[in-house]
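Copied from Swiss-Prot, the annotated features are:
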{"type": "TRANSMEM", "residues": "5-25", "note": "transmembrane segment"}
{"type": "TRANSMEM", "residues": "54-74", "note": "transmembrane segment"}
{"type": "TRANSMEM", "residues": "146-166", "note": "transmembrane segment"}
{"type": "TRANSMEM", "residues": "168-188", "note": "transmembrane segment"}
{"type": "TRANSMEM", "residues": "222-242", "note": "transmembrane segment"}
{"type": "TRANSMEM", "residues": "258-278", "note": "transmembrane segment"}
{"type": "TRANSMEM", "residues": "291-311", "note": "transmembrane segment"}
{"type": "TRANSMEM", "residues": "316-336", "note": "transmembrane segment"}
{"type": "TRANSMEM", "residues": "352-372", "note": "transmembrane segment"}
{"type": "TRANSMEM", "residues": "380-400", "note": "transmembrane segment"}
Amino acid sequence: MFRRLLIATVVGILAAFAVAGFRHAMLLLEWLFLNNDSGSLVNAATNLSPWRRLLTPALGGLAAGLLLMGWQKFTQQRPHAPTDYMEALQTDGQFDYAASLVKSLASLLVVTSGSAIGREGAMILLAALAASCFAQRFTPRQEWKLWIACGAAAGMAAAYRAPLAGSLFIAEVLFGTMMLASLGPVIISAVVALLVSNLINHSDALLYSVQLSVTVQARDYALIISTGVLAGLCGPLLLTLMNACHREFVSLKLAPPWQLALGGLIVGLLSLFTPAVWGNGYSTVQSFLTAPPLLMIIAGIFLCKLFAVLASSGSGAPGGVFTPTLFIGLAIGMLYGRSLGLWFPDGEEITLLLGLTGMATLLAATTHAPIMSTLMICEMTGEYQLLPGLLIACVIASVISRTLHRDSIYRQHTAKHS
């Protein structure tokens, strides 16, 4: 047991450095090509001329597509093993390392150029790759899946500063591919990754800064639960739209570079209306949580961002949809809160409360992982007072969503690439 805890610690350290490496590579490329050192793609887009804002995501998608197609032609074969940590956990615990690194580099290109796709997916993949590489050298074959799971959880903890949610992500989303008894090493890896990540970044701040002064009362619990019902209905709709957009892009029968370029061009066109569509949505989420906008502003940004996410994910841009889903959930919750705020004197607090609820419940509705989703929002914002209400709402959202749409976003992703 001591040996496993020691290896889990090493995996956590490796994962933290993998995540930090990807993050610093992003910052470097943003500085080189976008003349932006703020770390915010929305700020970068705001400071660009309209024609650069239009073309940059398309050029990034084109470059990523050429890289992926060029690698496949160079090797003259498709990857001989999984390039995704979920697939690796469901098979024999092995990666095609070279193809996975090329995929991560392609993700770096599309993320840095403004596509509305999550950077955290590539971060978690790199963390799992580092764990797998270490495991294949120093551990028996039957443990390889465990250490990939530890690496993925640690990567998630370092990316989102949420070690418990990262651990439960493995238990809930990938349930059946590993035993719950193995959660000990997973949690150790996640916590170590967070601590090392804090040391690297010289900060232990929460991912999102929120000033929620409301004390949750009976009325608020009713609103939280009703938001869970709304998210349970919206989750399957979002998954269906993502699937439909992917099918439409495939039906165009474009070469991968042009398909990714088209997705980027759509994002560029939408960014002419609002630069908030650029990136994974982190900056926009923080601005909404700091000062919730008016109803029509939320609605406008929500629609543009939704189309940008659908275009990016539908075109096959390598990256995650975890953080974009958080923004969509926040916007849905805030739209609901703004509508209700017309009848309540504390409309601002209700909007903020239901925005946080929307983040958790839409995440639960798309991942079918209510406990992880609840802990994720609490850990990212520090608002643990919301935990009881969020847990109930997330369970309701997950049950409704699972009834209407059998597959979660991750099972849908795996089926699409199998």
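Yeah, the Cβs are placed from backbone N, Cα and C, and that goes for glycine too.
Note that the structure is a prediction, hence the values are computed from the model and not measured.
Same-chain neighbours of the transmembrane segment (316-336): 61, 64, 68, 103-104, 106-107, 110-111, 115-122, 124, 226-227, 230-231, 234, 238, 242, 246, 249, 256, 259-260, 263-264, 280-282, 284-285, 288-289, 292, 295, 298-299, 301-302, 305-306, 309, 351-352, 354-363, 366, 409, counting only residues six or more beyond its ends whose CB sits under 8 Å from a CB of the stretch. When the stretches 146-166, 222-242, 258-278, 352-372, 380-400 are ranked by Cβ pairs under 8 Å to the transmembrane segment (5-25), first place goes to 146-166. Within the same chain, residues 165, 168-169, 171-173, 210, 212, 214, 216, 220, 223-224, 227-228, 230-232, 234-236, 238-239, 285, 288-289, 292, 322, 325-326, 328-334, 336-337, 340, 381, 383, 386, 389-391, 393-398, 400-402, 408-410 sit at least 6 positions outside the transmembrane segment (352-372) and bring their C-beta atoms closer than 8 Å to a C-beta of that stretch. Long-range contacts of the transmembrane segment (258-278) within the same chain, counting only residues at least 6 positions beyond its ends with a Cβ under 8 Å from a Cβ of the stretch, are 41-42, 44-46, 50, 53-62, 64-65, 110, 113-116, 249, 252, 284, 300-301, 304-305, 307-308, 311-312, 314-317.
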